[in-house]
Structure formats: structure tokens, C-alpha cells
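The transmembrane segment annotation in TrEMBL covers 12-35, 47-70, 82-99, 105-132, 144-162, 168-186, 254-279, 291-310, 322-341.
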Amino acid sequence: MEDGIGGLRHMLATVFLSAFAGFMVVPVITDVTVAAVCSGPDDSCSLAVYLTGFQQVAIGMGTMIMMPVIGNLSDRYGIKTILTLPMCLSIVPPVILGYRRDIKFFYVFYISKILTSMVCEGTVDCLAYAYVAVNIHGSTRISAFGILAGIKTIAGLFGTLVARFLPIALTFQVSAISFFVGLVYMRVFLKEKLNDDEDDDLHHGTYHQEDHDSINTTMLAEPILNDRPIKTQVFHKKYSSLKDMISLMKTSTIFFQALVVTFFSSFSDSGMESAFLYFLKARFGFDKKQFADLLLLITIVGSISQLFVLPRFASAIGECKLLSTGLFMEFINMAIVSISWAPWVPYLTTVFVPGALFVMPSVCGIASRQVGPGEQGKVQGCISGVRSFGKVVAPFVFSPLTGL
């Protein structure tokens, strides 16, 4: 396991730099949006809420289509090659707001953010999960997924901490620089696969015998996952990405169930994301520093849980029980936040944050075991596409409620 995780260091560094850049702008984008589009001092400006909701819908629709396509292309042309495009496009939006933030430049940012995010939103995560699934096999894969998620959370910790002290203009400038450094680092250091001496058939859905035996042994430890034996070459090259998804859904009950869980988890998370900061700003008058403090606490708790708790829990209780535990903790968290009666309540509910962070590593781990290494991009792309669909649906429910 140590050799395998050590071999992922360049992908982990790429994920860190990309996530660091993305998380930096989260605490300040609400204030920038309100300042640009709201003429009065009313913090509950409904236009800002609806713009955010529309942005989520547009990006969600784009990524819902693009993620399976990107996953498919990564299996065909390589993860490193396909990863280059979204990392290039991610630089554009923060450059705009780093230059000026008046209403004209805000709308230029707004449009460019929608267009670029259709390709960029979640792509680094999707391809990183596929990279881990291709290069890490057997029972260590879920631990690797947890470490990958933990690195992203640590990046959020540092990004939020930096945003806490930087002026707004410099925040966007540093974000753009971080995206650029991540792109250069990825192109220079990341290897397409860790074991260059492996046969090329690894990328055409065929297992080596030792990998096959290792994964089968792991699956026997969890009978609930034995719905079907692991597939080799489930997909057909002539199929489109949509047909790929439908094909695997028909042949694997486990994969279909994983997509159902993914949709509802994404739906609720996206709803919270679109409403949470506006809710706190309108109800308790949270400002940029309070947002940053809360996000900082969330990322600290999340990073500890993903790096130290998730790998141990996964090996002790298995992926399915870990998934159930995470979903239950996420439910408790949202239920308490929904009835917040004082500004300290959202801080208290951070004890339930690990639950939400257990969900996707568990789902990706379960789903990745349904196909061979040469089809991991398609599987992770399908999962990302369903997550995007949840993000499309959520604003239609949550934005009107937040506006009220």
C-alpha cells in the first residue's frame, strides 16, 4: 500500500493545487456577487440567489453531458492528456475578477465561469479517481480514494485560510496562479500510469491474474458486493458514453444502486451549497471572515476524518457500512442546520461533516470494482455525470426556497 500511495504523489499534488485554487474563492464570491448585482444594502438580494441557482443549473447540465464523454476519452487517449484541457480553462475566470469586479466584469466572469465549468467542474476529481482506480488494486483502493479526498479537503483548509487574510482582488489573482502552477506541474511530473512495464491490455479491460485474485478476495469479504463477478470489457468502443452508462446499469445492479445514491447525495449537497451561505448571511449577518472561519473549521474536521478515520473505518467495517454511516451523519447535519436558532449552531454541526465526506469515496470504491482497469474513466465519468444531474435538479427546488 505504501508503494502504491507513494506513487500517487504527483496526482495528489495536482489535485491539491487545483482544489486550493478553487476553494480560495468560495468565501469571497458571495460578497462579490452581492456587491456587483445588488443596488441596495439588502444582504438577502434575491437576484444574487437566482443567478447562483441558474449558474448551477447551466453548469450541471453541461457537466452531466461532458463527464461521461471525458471519462470515455481518458480511457482512449490517457488521463494526463485529457486533464490538460480543463486545467487550462480553469485559469480564465479568476483572472477576470482578479483584474476588476464591477458589474460588467462580473457578468463577463459569470458567463465565462459557466462555459468553462461545463468542462472543468469536477473533471480533476473524476480523472483523479479514475487514475487511482487504474493504478491501485484490491483492498487498498478505498484507502487511496480516502487519501485523495483528504488531500482535496486539506487544500480547502489552506485555500480558506489564505482567503481569510488576503484582500479580494489578490485572492482571485493567487487562485489563477495556483491553477497555472498545477497545470505546469501536472504536465511535467505526472506519469500516465505508475507501472510502465505492465502490458497494454491493462488499458483494454483485462486484469492481470494477481490483480484479479486480489480483488476477488476482497469482494468475498463483503458478500453484499457479490451481485456479479467483476466485469472485463463491459463497454464497447463503438458505443457512445450514454450507451456505456445504460449498458453497465443493465448488467450491474450494484452500479445502478451506486448511481441512485450518488444522485440523491449530490442533490442534497448542491442544495445546501447554493443556500447555505446566503442563509447564514441573511439570517445571522455572516460576513467574509465568518464564512471563512466556518469553512476553515469544516475543512479541518474533514481533512482529519478523510486521512485518518476513513481508511481505518473502510478496512474495519467495509465500504457499504461506511457508506450507510456517512449518509446517516449527513442527514443529521442537514436536519440540525435547517432549524438553526443561533449563529453558533452551524459551527456545532461540523462534528457531522465526516459523514458527508465518507459518501463519494465509498461509492467510487464500490463502482470501480464492477469493471476492469481499462474502463475506470467511463465508470468515474458516469458517476460524475449523475452528480451533475443532481446539481441541475437541486436549484429548481432550493433557489425559490432560499429566495423566500
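Even glycines carry a Cβ here, placed using N, Cα and C.
In this chain, the transmembrane segment (254-279) touches the transmembrane segment (47-70); three or more CB pairs sit within less than 8 A of each other, excluding pairs fewer than 6 residues apart. Taking pairs at least six residues apart, the transmembrane segment (82-99) and the transmembrane segment (168-186) share three or more Cβ pairs below 8 Å and count as touching. With a cut-off of 8 Å on Cβ pairs spaced 6 or more residues apart, the transmembrane segment (144-162) and the transmembrane segment (254-279) reach fewer than 3 such pairs and are scored as not touching. Long-range neighbours of the transmembrane segment (254-279) within the same chain, counting only residues 6 or more positions beyond its ends whose Cβ lies under 8 Å from a Cβ of the stretch, are 30, 44, 48-49, 52-53, 56, 60, 225, 227-228, 248, 286, 291, 323, 327, 330, 334, 337, 356, 359-360, 363, 366-367, 370, 379, 382-383, 386-391, 393-395, 397-399, 401-402. With a cut-off of 8 Å between Cβ atoms, the residues of this chain six or more beyond the transmembrane segment (291-310) that come close are 23, 26-27, 30, 143, 146-147, 149-150, 153-154, 156-157, 160-161, 163-164, 277, 280-281, 322, 346-347, 350-351, 353-354, 357-358, 361.
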